[in-house]
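Colleague: Starting off with a structure, shown below.
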Amino acid sequence: MAQTTASNPKISRRELRSRIPHYAALLVTGLLFLAPVAYMVAASLAPASDTLAGFTVFDVTQWGLHNYSGVASSLSSDSTGHLWRFFAVSFTVTVAVVGLGLIVNSMAAYALARLSWRGRAVALLAILLILIVPFEAVAVPMFYLYNDARNTLWIQILPFIGNALSIFLFYSFFTGIPRSIDEAARVDGAGPWRIFWQIIAPMSKPAYASVAILTFLTQWGSFLWPVLMISDPNLRPLPLQISVFAGQLPPAWGQVMAFGVLLVLPVIVVFLVFQRWFIEGVASSAVKG
Amino acid sequence: MAAPAVSLLLLFVAVPFVASIGFSLYNVRLGDPRDPSFMGLTQYVRILTDPDVSGQFLDALLHNLIFAAVVVPVQTALALALALLVKKNIPGIGIFRSLYFLPVVFPIALVAIIWRLILARGDEGLLNSALTFFSGGTFGSQDWLGSELTALASVIVLSIWQGCGFQMVILLAALQQVPAELYEAAELDRANGWQRFVHVTLPGVRTTLVFVALYTTILSLRVFDQIYVLAKSGGGLNEDATRTVMYEAVTAAFDENNIGRASAISVVFFLIVVVLSLIQRRVTTEKEG
């Protein structure tokens, strides 16, 4: 970067100087956004203390990993739940909802966008109507209707696979693909299934990436539904568990923050690895939608 | 091909949605041996006019409206400012883009717990320690979450912190699509920075701004997780100053086992979401036309 700056005659010393306020603004806002995250990480490394520690958590000389081993040992019985199980539940639910959701919703979008069948117009209208029903509006009746399924894994997964927003995002992507492509394939004797799996789906990687990212973020942070349906510590997903853990008396704040770091770390790793896709995917799906 | 998604949506959105309208007309309780009795519109009349119930419900509605009225313009403006700040490709800009986006990957339940420590009352809270330190003790410690005056404002701040990066990314994508020639032409016309912003940037991203505002409005009406975590997990949040409509629905269903009233609240909530979205869409399209 420095080389291109030096070799580029267009960037004058005046321009470099004008960048100083720009960088200053970036730095100040950046610190505001970073501070709560830094506080969480610092508090997770600070010495165990049952009172909140304020600034003292930033004392690097005192840092250690004992809060992390503390979390592992305090969450390791059937009454508290096991640390590994919270992860297992969150991973299973998220992977199932994202994976099955991608398949089911893209198939539906393909049928709506590119096949002609009886009831297509009605189905399309129904999807558009469902798009405006927020999950919050059906959470309470669902809590009553599916009460027998409380404390199961499938009730955390099944309601979130079919997703009108995902269908809509796939639909708008698929309608943008030229019709001539399927027609050429049909002339070659391919049926709708083959056209979908072998031609349309591979062409639509950006749509799959952005829907996967949006579903992953929503599902990993899912809270309202588990609050209503899950009381068994062996079936609690991570976001529900951290609220339970933080509400215990006396709260061990260092351990709560260590748990928070563990909860968000998988998302940050995914975020850093797929950074380009992450930001582009979110942006492109939203600008289109 | 649409069958799996459509049947899932029927089972987990359409049926519960229709059921919520049905439940709202009855006196439905979980585990009640008696059959629910028909009440007509009594639940609706009670949440709107019965002095024992309506006070809380109307407060919740008011908090939702205040929350949306502050969050939508402030968060959208902040997101646009951040997007402008990170638009130019200068060395190190990627770090700042990621930094502002980072809170988006945090589940809101975790965000609530981190901010609960930052905003804790007395000298234990990070914000109070910082304020005492920088003001030399003249600015005393505040009970940010407990005080009636600052409780809702605190929830607003942490919600904006978490949600802003998402809007920034969408607006950044839109900003990058504004043709560079327009800026060059404006420069030739000797337009200053502000004039370029008003006459080139704003019109260029208007549709995206409208989308972002609409999306934020719907999300801000759905606010629940952070309020529930802060109020119920020992966050010391002033419940009376922050309860929202979804919080009311969940407490009616969960704590009072009053599914009928909770369903009526859900139906009213849905109607508010639809009406506000329609009003907003009409206002924004009129401006465009």
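Going from the start of the chain as shown, residues are counted 1 onward.
In case you wondered, yes, glycine gets a Cβ from its N, Cα and C as well.
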Colleague: Pick from B:151-175, B:226-250: which range has transmembrane segment per TrEMBL?
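Modeller: In TrEMBL, the transmembrane segment feature sits at B:151-175.
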Colleague: Please give the sequence-distant neighbours of the transmembrane segment (B:151-175): residues at least 6 beyond its ends with Cβ less than 8 Å from one of its Cβ atoms.
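Modeller: Hits for the transmembrane segment (B:151-175): 63, 66-67, 70-71, 74-76, 78-80, 82-84, 86-87, 97, 100-104, 106, 108, 111-112, 115, 119, 144-145, 201, 204-205, 207-209, 211-212, 215-216, 219-220, 223, 226-227, 230, 237-238, 241-242.
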Colleague: Can you name the far-off residues of the same chain, 6+ from the ends of the transmembrane segment (B:196-218), with a Cβ under 8 Å from a Cβ of it?
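Modeller: For the transmembrane segment (B:196-218), the list is 68, 71-73, 75-76, 79-80, 84, 163, 167, 170-171, 173-175, 177-179, 182-183, 186-187, 273, 276-277, 280-281, 284, 288.
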Colleague: State the non-local partners of the transmembrane segment (B:98-118) in its own chain: residues 6+ outside its ends, Cβ under 8 Å from one of its Cβ atoms.
Modeller: 82, 86, 125-127, 145, 154, 157-159, 161-166, 168-169, 225-226, 229-230, 233, 235-236
